[in-house]
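Engineer: There's a structure below that I have some questions on.
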Amino acid sequence: CSVGLTGTKYGCGGGGCGACTVMVSRYDPIQETVLHWSVTACLQPICSLHGAAVVTVEGIGSTKTKLHPVQERIAKAHGSQCGFCTPGMVMSMYTLLRNNPQPTMEDIRETLGGNLCRCTGYRPIIDGFKTFCNVRTVNSSNGKCCMENSNSHNNESDISGELFSMDNVLPLDPTQDLIFPPELLIMGKKKAERLCFQGEKVRWISPADLKDLIKLKAEYSNAPLLVGNTTIGPKMNLKGTVHPLVLYGGSIPELRTIKWRNNGVTVGAGCSLSVLKDVLLQGIEELGPEKSRVYQALVQTLQCLASKQIRNMATIGGNILSANPKYDLSSILAAAECTLHIVSNDGAREICLSEEFFTDFGKTALRPDEILLAIDIPHSRPWEFVSAFRQAQRREFSFSIVNSGMRVTFRHDSNVVENLDIFYGGVGPTLVKARHTCKELMGRKWDEKLLVVGTQLLEEEIYVPPTAPGGQEEYRKALVLSFFFKFYMQVTLDALKPFKNEVPQANHSFQVETQSSNDPVGRPNVHQAALQQATGEAVYYDDIPSVKGELFVSMVTSTRAHAKIISIDASMALAMSGVVTFISAKDVPGQNRRLWFNNPEELFAEEEVICVGQIIGAIVAETREQAKRASEQVDITYEDIQPVFFTIEEAIEHQSFFDPKRKLERGNLEEGFEKADHILEGELYMGGQEHFYMETQGLIAIPKGEAGELELYVASQHAAYTQEVVGITLGIDSNKITCHVKRLGGGFGGKVMKIASLSAIAATAAYKTGRAVRCVLEREDDMLITSGRSPFLGKYKVGYLNDGTILAADITYYSNGGCTLDESSFIMEKALLHMDNGYKIPNLRGHGLVCKTYLPSYTAFRGFGGPQGLTIIESVLHEVAARCGLPAHQVRDINMYKDEKCYTHHKQLFSPHDMVRCWNECLEKSDYTHRCLSIKQFNAHNHWKKRGISIVPLKFGIGFSKGFYNQVAALVNIYKDGSVLISHGGTEMGQGINTKAIQIASRILKVPMSSIHIKETCTGNVPNAAPSAASFGTDAVGMAVKDGCEKLMRRLEPLIKKHPQFTWQQLVSKTYCQKISLSATGFFMGPHTSVDWEKSDGNAYYYFTFGACCSEVEIDCLTGDHKNIRTDIVMDVGRSINPALDVGQVEGGFVQGIGLYTIEELQFSPEGVLLTRGPSRYKIPALCDIPPQLNVHLLRNADNPHAIYSSKGIGEPPVFFGCTLFFAIKEAIAAARRERGLSESFPFSSPATAEKIRMACEDCFTRMNPPDRKVKTKPWAINV
């Protein structure tokens, strides 16, 4: 840390997010050349870098010296929003270009597969980087290549498709790249020597050569042999595992040697998976298809295994010896009958890799002193077929749920099975071979009879107990049989191949504003900090250098869901080195309990805990590591209390609800139900979602030592609330507390409430010690403590006519609020206010109940309760259409608000004109009618793959329904040199609020954007600001900035008239000399919004943002995998202030919706413990989840009289569009069920994970596990 480079970001500590990607270069004595690898810094032990050169984002370019083309292009293409993932993206791409200056699109796709981004939706990043491709990828719509323009032009002259221009960008010049340090080159060519490093707890030895390693392994047989550190590393980082001695094998050439022989290839056990993949691809090309079947199967798996960075580090030997059945290679290598070469002091031996090699989870038949030297992988023989299968939660960069390797050999020129091997990983603690099945099938003919018998045998032989770690036993059982069927089909017909991942290509269109070229409003300007974010110069709270004497705080959390605290013993922790103090409720100088809308919230749990993860105390120590280690040693004695429950159903049973209970109603339901032809009752469950902002929560609290002043550098969307809570906790006035927010690495609603408590804890520690205190939550703690989006259950009764017209709907919404109220009642109100979406249902009633359970308290998340409220009414329409046998879009159309003036169910007047325009345009632009026919044809010809399409409209309310929040101030200062400084109450978290504020100021003051600066959000400059939330930031801040700037222009006006020839600077100077104030505050006070819940009446929102979205998906009925094929979005954003930022918000929100509705699944144990912590268990969308075609069109000629320059708020609405994938998947499943003679209405809850899709496509393989054979056991995870 002495260099102080903060560009590389720490996101997870387990290699699962790519934020810390750097380039490592080494001289390779085998190839006699320097090789460059992208790696995740969090898993790179410093000692392993002896002789290597490391390049971080700062090393390739900066705004002060010269940018690297990669940095410039990601910024120009709007590929950086919050910017926290950008340095990692830049380094992945930079490394690719160092190895291959003219990459293909496939190279870029593979390279970025391990870099997660939570803001952009990936498309703009690809758009920036594909300009390095020498292939001219043709844009399907207009035949132009991507270097010419990023998009198509419509026939209307004022419509543009170009969000950025790559004219005069810096060319890529490989001669300008950093050279490999000559001294390292000389060192690399010398004979290696043994190296020893001694740390505080660990000793590290790098042996001189293989002989030395064998000797060391004999002497220290229990020491792990480490090369890639991708299995041991995460355990050390996240689980606190300590190995007193580590042997490093990365510098031993024999472990990395690869030799091709006549009948196979010998691969050194220390060979990385990336090298292995390249070697095998070369082999496939030279050997031809028949001899290379094993290699093809391995490459297919290696393409989805982990990420490029991890494959660059992980080794084939490590993959085998980790003995984790979720690691996919062993099943294929065992099926291919590979041989392991093992060495030790006693000499060498060979073992055939089979299931017997693995003795238990994480254990093998190797003796502790033995070393795996190499693996022989044989060529395929004639008449031999090999296949690999895997199914994971996400298609790439995700551990498999079940993986399999299968091989069959036929008697020469016949279909008689001579040999059969079937291996499965993920159905037991070790690799499993279907021995009995294989034995029985040998000698039989490869025909349908064999398939039937084989399936029955496998069903009997492979047993997944209900208690298996990870659960999903029925799904895993179905995969076992489905994989065997797929193998049969692949050998017989070469059919049923897995989905191929593609790179997203896009079309956009927006209306160009006609105005003077000096006016930036309405132009797609680049995010004002994009270049600093791309170079790593942008500062986040944890990049701030440490203050003298700074301490670190780590939380001590409850391990019980509902219990009395009997005692807290911190003596062990306090005795550890570096620990300064332990703080808990008794150390709080002010109030530990505060009221939030009449509900008590505790800072530290005092007498009882009400969820797992509740903060009981905190350890304050000299370093991060010391604080974390000591916090695990605090001993808390509990006494469990009843009741304890976690699910919505249990809360209903216990009648455990928060007040207030809300209701909205219009019309007469009884009458409506009487007139209806049919009545349908049903329910829809929607799971929660973790924010997974790339930057975890935290802050630095610095006591000033004078008059009790305190400075907080905090990652908060609501600095004023943080200031207030810290004041209450410390018992000091708000005027002594200053909160500074420079920028957030993503917020999405998660940094509004919880950060205030964390700030109060850090402030308490700073108060007690008198020293600065830093708090940075580890990813796993962040997910446990801060929680996310509330799960919802909607129960409905609906009355409708034969033509699909809905006459009456009665819906009860239940949300899981967790253990405290937080913002759950407002979330429920938002759900109720959106329960009509765009539909005029004459008789509509909604009840909203927030369940109080013993889970960590759920909080705000982009969309608030909107997506949940909207999805449940969409589900109602979807089901009604299915029952009427009508196309869903027709039923949606017939029920839509269409009159010029309409009233919502809470009696707010609005015009649906632009919503209907969005709907019709989306139908047209997506070619909906024609594609429905194509899908029908596709489904008729494919039994095991099905497609579905869905289109939905959107009406989304903008602003806070609590009227007092709709206010904000701004401070505009003009300095004597003519430069302008703006401070406002909003928070920059990637949405571009500062960029839009500067565009607005530039228009009014008539000065270039480069003369205007926004430094930070600070409670000392703008007090009492509302949170940056509810898609209302730009609306409010923009108006306040406009007001401030207009005040200044009114003061300058007399001088402008008097001296029309003056430059801006002369004008300002003259104004100053005339003693006219050059500082003004702007204020925005929105019109009043409120709802009278008794009367179901009130203007809850300023206006509505409209849109429509159409998505098509394809599902694999055998595995439950799905592929998003194409999405078209038409969005009414009024007159966009910045089309590039608005399109970025639409795409980013939609991609978060992809996660919410398809792959992001939170799992809690039956004891209320969050199981899915960190990116290895919780999957957000990666590049492979983005539809290859993602088109966004901003509605033209749309005005909005209610907001700044006729624009509209856009942050939250698009999240809901993810539900089009959910309903399209449901359509595809219905098509599969129809073909199998099953009912088309079936229970299906969100998210539509692979497991749920597979189990809903019922067939002979899922029915082989009949319900009566199920044993009642405690489930692995519960549906909360």
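Cβ coordinates come from backbone N, Cα and C, glycine included.
According to TrEMBL, the protein carries these features:
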| type | residues | note |
| --- | --- | --- |
| DOMAIN | 1-60 | domain '2Fe-2S ferredoxin-type' |
| BINDING | C12, C17, C20, C42 | [2Fe-2S] cluster 1 binding site |
| DOMAIN | 197-382 | domain 'FAD-binding PCMH-type' |
| BINDING | L225, L226, V227, G228, N229, T230, T231, I232, D328, L372, R390 | FAD binding site |
| BINDING | Q717, F748, R862, A1030 | Mo-molybdopterin binding site |
| ACT_SITE | E1212 | active site, proton acceptor |
Engineer: Going by C-alpha positions, which of the binding-site residues (N229, T231, D328, A1030) is nearest C20 ([2Fe-2S] cluster 1 binding site)?
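Structural biologist: When the Cα distances are compared, N229 comes out closest.
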Engineer: Distance between C42 ([2Fe-2S] cluster 1 binding site) and V227 (FAD binding site) at the Cα atoms, whole Å?
Structural biologist: 15
Engineer: For C12 ([2Fe-2S] cluster 1 binding site), which residues in the same chain are close in space, meaning a Cβ under 8 Å from its Cβ, but six or more apart along the sequence?
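Structural biologist: Non-local contacts for C12 ([2Fe-2S] cluster 1 binding site): A19, C42, R779, G1174, P1175.
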Engineer: Binding-site residues V227, N229, Q717, F748, R862, A1030: which have a Cα within 10 Å of the residue listed as 'active site, proton acceptor'?
Structural biologist: F748, R862, A1030
Engineer: Name the one residue among C17, Q717, F748, A1030 whose Cα is closest in three-dimensional space to that of T231 (FAD binding site); these are the binding-site residues.
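Structural biologist: Minimum Cα distance from T231 (FAD binding site) across C17, Q717, F748, A1030 lands on C17.
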Engineer: If one measures from the C-alpha of A1030 (Mo-molybdopterin binding site) to the C-alpha of C17 ([2Fe-2S] cluster 1 binding site), what distance in angstrom results, rounded to a whole number?
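Structural biologist: Rounded to the nearest whole number, the Cα-Cα distance is 27 Å.
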Engineer: Spatially, and counting Cα to Cα, which of the binding-site residues is closest to Q717 (Mo-molybdopterin binding site)? Options: C17, L225, N229, D328, R390.
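Structural biologist: So, of the listed binding-site residues, the one sitting closest to Q717 (Mo-molybdopterin binding site) is C17.
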Engineer: For R390 (FAD binding site) and C17 ([2Fe-2S] cluster 1 binding site), what Cα-Cα distance in Å is obtained after rounding to a whole number?
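Structural biologist: About 22 Å separate the Cα atoms of these two residues.
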Engineer: As a test of the contact definition, list every same-chain residue at least 6 positions from F748 (Mo-molybdopterin binding site) whose Cβ is closer than 8 Å to its Cβ.
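Structural biologist: In sequence order, the residues whose Cβ lies under 8 Å from that of F748 (Mo-molybdopterin binding site) (at least 6 apart) are R118, H691, Y693, F861, R862, M989, Q1152.
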Engineer: Can you give me the Cα-Cα distance between N229 (FAD binding site) and C17 ([2Fe-2S] cluster 1 binding site) in Å, rounded to a whole number?
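Structural biologist: C17 ([2Fe-2S] cluster 1 binding site) has its Cα 16 Å from the Cα of N229 (FAD binding site).
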Engineer: Give me the sequence-ordered set of same-chain residues, not including C12, C17, C20, C42, with a C-beta within 8 angstroms of the centroid of the [2Fe-2S] cluster 1 site's C-beta atoms.
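Structural biologist: Close Cβ neighbours, site residues excluded: K9, Y10, G11, G13, G14, G15, G16, G18, A19, T40, A41, R779, P1175.
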Engineer: Measure from the CA atom of D328 (FAD binding site) to the CA atom of C17 ([2Fe-2S] cluster 1 binding site) and give the result in Å, rounded to a whole number.
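Structural biologist: D328 (FAD binding site) has its Cα 20 Å from the Cα of C17 ([2Fe-2S] cluster 1 binding site).
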Engineer: Take the domain '2Fe-2S ferredoxin-type' (1-60) and count its residues per DSSP category (helix H/G/I, strand E/B, coil), listing them in that order.
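Structural biologist: So the counts come to 10 helix, 19 strand, 31 coil.
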Engineer: Any idea of the Cα spread of the Mo-molybdopterin site, Q717, F748, R862, A1030, as a max distance in Å?
Structural biologist: 12
Engineer: Within 10 Å of the Cβ of R862 (Mo-molybdopterin binding site), how many other Cβ atoms can you find? Include all protein chains, please.
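Structural biologist: I count 26 other Cβ atoms within 10 Å of it.
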Engineer: Between any two of L225, L226, V227, G228, N229, T230, T231, I232, D328, L372, R390, the residues recorded as binding FAD, what is the biggest Cα to Cα distance in Å?
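Structural biologist: Across L225, L226, V227, G228, N229, T230, T231, I232, D328, L372, R390, the widest Cα separation comes out at 28 Å.
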Engineer: Specify all same-chain residues, apart from the site residues Q717, F748, R862, A1030, whose Cβ lies within 8 angstroms of the center of the Cβ atoms of the Mo-molybdopterin site, ordered by sequence.
Structural biologist: G747, G749, G750, V752, A860, F861, F864, P1027, S1028, A1029, G1211, E1212
